[in-house]
């Protein structure tokens, strides 16, 4: 791409429209007197290219570029340059279709700057992209050498010369970005220090302080809760003591008064007894001789009656047992019959299914035969109407069928001719192409072999990846799962601690009493070792266990002793050693009696309502084995007070019935059940253990997956590289001429095969159509006979179809009857099976009834036997009484003496009780006053009075010793006052905020550190590439530098070398040789020689990265004529592919140019004249002889 013409209008000294045409594609020169406007042409080119530093075009702002700053009536400056774009290799991106590109830039005073490309408005960026794509970046212009550039190069130090090489090699931009990146790293480093300082000096101490304050706050809350709990407990205890004193004093007062009355009654009773005894003694004396044994006879009669009743009940009992055995035998027979019927029923169902399937098959066959009959009837009707059947079964006339055959023959012949022509053409083309493609291109073969090798390597990599058995994204999913598990574990721990904080009694912790302590020896609290089968029984089970729920189960008494002595237990615990505990359990006989009494579903042993490990059997029997649990109060009362049971019983609602004299009940506390909370705690603990095990397993899996993941990533990266390489090779093969020829050959071969197949098919179609036509033609000749034959065939087919349809219909109806019969049999079997079930249920009910009756009768038989035994004993006793009557009379005298002595004792006791009655009256009055005062001071006593002293309640005085609670309360009040002075109530919320800020800063810190690591790695990698590119650039520039300098100064040589003791990367300096003598520095050279050195370096760098256009502005100003002449020759010889526009005042320079432009300043405006020069530098005669050169030679305005 090169400049063809420039149009200037209102630009600097070019007031009028000035066209500068006919630029030479290679060497152009501009000359003229100072101030004539020759440099303004260069300024116009820079202006159009979009220069941003206006000082380089000798202007301070865009208004300075307008002719006389717009004060001469011209308010617009416009520059338009036409570029030759016929060489498409150097064409800008996107402009390959244009042979010429015209770019215009306009600036209007007080208006805006405007660009046009080929007459169309364009923005600054698009113009910059256009010129930058061909190496014409005017804001970094290596193609532009202005006045003073040579002096600047001569004064450069080694690092500055190196920077020019870097600029030429394109690595300078990297250095700028590297410095920017290093500054970014320094900023990030400062940010890291800031984050670290904030973490160390602010957040971490704050978090530590807040954690301590949180601990204090939690301790303060714990103390407050305990004070509240213990205060109520202690006050409740004091209230109970006062109330107990009041009640006890009143009860004891009443009891003593009753005792006085009782003693007085006993005195009176004893007097009566003494009189009665005296009377009995008299009677006994009288009856001693009269009694002859009448009582004995009555007792013997009673014995006989008891024996008769016993025999009768025993007979009835034996009869019921026989009936039960009979029913059980009947049940076995029914069960046997049911099993046999089930087998028969299953066999019959299979048979029904089989016959039903056969019926379906017959129905399908019957339907098909019916359809065939309809088709035969239709065919008969068509033949009767004079129609005939074609090959498709459709009815048509013979003439119509013959016409269709003719069409088929004609179509087949046409297709055959087309296929023959296509085949002939393809065969000829194939022959020609095969002659052209005789051997495979060696480059194609190499690429094909390379592609195969890459594919094999890909397959090998895929096999290795598959062998690793690694799933992509598995590591990320595992990491996400680990984060989720960590969050779940944290949540569960918080829930666990919250439950323990809410219910401190659930916490059981101890210190190992000795080294290598086996924690399996301590089983834990009873409440933690059980699971309640039915949650509705929790209240009852809590009352059954009472304070034993908090007992600690251990394996041996030795373990318990060590735990108590050195376990540092936080509170008092009762120990249950499994090897020593003496457990009792309700006998199975007692349980059966209770179940018979109220029903088996209404009473249970408490032990049966909980689940536990077998090794804890003794401990659980100790806690739950001696109490019944009933569903309601009525059943509980029956069970507890039955003389055969007499066992403590608890209802599901919480009422307790104790046959030894205790009955408790009423409203229960609405607080959460301890066992329910224990179960909730266990569930949380189990889930926490599962999550921790999962996390541990996940950590192990991640550790094992790390190496595999890394190896997989490496193999995947190699595989992707090979895939890209294979795609490139495949594309290259497909774009090669050999591949295209092969594709054409394959297409021709395919065409030949298709044509041959078409020919074969058309011949077959034509043959069949001709044969059919011949048959139809014969039919037409014998139409009447043919019609008769077809009519007979149709009648025959119709009769055959009708016979077949009737037969299949008959078979289907027979099969339907068979199915209906066997279905009825199946239904009968099902009814019999149902009947057996009902009979079996009735037998089971009878057996159950007999068993219940036998159980009752067994009890009655036992009772009758006991009556017989008692009657026998009475008879025996009576016989003994008669023998011992003398002894009784003596005993009566002794009893009279005893009663008299008791009267004396009672009189003494009455005097003592009178004294105590006075004392208890005073105590009862004091207790009543204290109770009244406490009820007035504490409103909550009335609401919670029913819970005072109740087991498993907040006022359980057995579990919590009130005296110890009072002492503990005093200490807690002191702790509360101490903690209250320093506690921070906002510590919890502030700590959460501080921890979030800490985590956020740590995340930012990790991001910054990762960014820094990546940047440093990239810089290190790019530094190596930069050094390689710099060495290549230095060698190329150095070679051209020496060559150009030798051309400019024959017999001399020059090079760029690093300073002594340094490398190329440290800097470069000039080394010049005149003849065979190398100069130490440039000061030994003349001014002109130094200028040539600098110019040679500039031009050698232009050669390293050639641009389509070069602009030189009086670079020969400091040179003499001989050197100037050499520069011109050098440009002609070294730069044969670029356009040069040179401004010079010396003939030695512009005489070498192919086209010369001369500027003049006429009437305040600049003009331009064009001259074509011969190779010897002389102006053509034609151009000299005319004032105005012909068109194409020069233009003057």
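The backbone N, Cα and C atoms fix where each Cβ goes, and this holds for glycine too.
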Candidate set 177, 222, 933, residue annotated N6-acetyllysine in Swiss-Prot: 222
Per Swiss-Prot, the candidate from 178, 321, 1160 carrying the annotation N6-acetyllysine: 1160
Record-annotated N6-acetyllysine (source Swiss-Prot) among candidates 114, 368, 750: 114
Position flagged as N6-acetyllysine [Swiss-Prot], chosen from 643, 677, 706: 677
Neighbourhood of residue 39 (ATP binding site), C-beta criterion under 8 angstroms, separation at least six: 58, 1113, 1143
Subset of modified residues (114, 677, 1160) lying within 10 A of residue 35 (ATP binding site), CA to CA, in sequence order: 1160
Entries of 32, 36, 677 which, being recorded positions, have CA atoms within 10 angstroms of residue 1160 (N6-acetyllysine): 32, 36
Arithmetic mean of per-residue pLDDT over the domain 'SMC hinge' (522-640): 90
Euclidean distance between Cα atoms of residue 222 (N6-acetyllysine) and residue 34 (ATP binding site), Å: 100
Rounded Cα separation (Å) that holds between residue 37 (ATP binding site) and residue 677 (N6-acetyllysine): 102
Position of peak Cβ density within 10 Å, selected from the recorded positions 38, 114, 222, 1158, 1160: 38
Extra residues within 8 Å (Cβ to Cβ centroid of 32, 33, 34, 35, 36, 37, 38, 39), ATP: 40, 1159, 1161, 1166
Cα-nearest neighbour of residue 33 (ATP binding site) within the listed modified residues, 114, 222, 677, 1158: 1158
Residue 32 (ATP binding site): secondary structure state under DSSP, collapsed to three categories: strand
Collapsed DSSP category at residue 677 (N6-acetyllysine): helix
32, 35, 37 as binding-site residues, winner by CB count within 10 A: 37
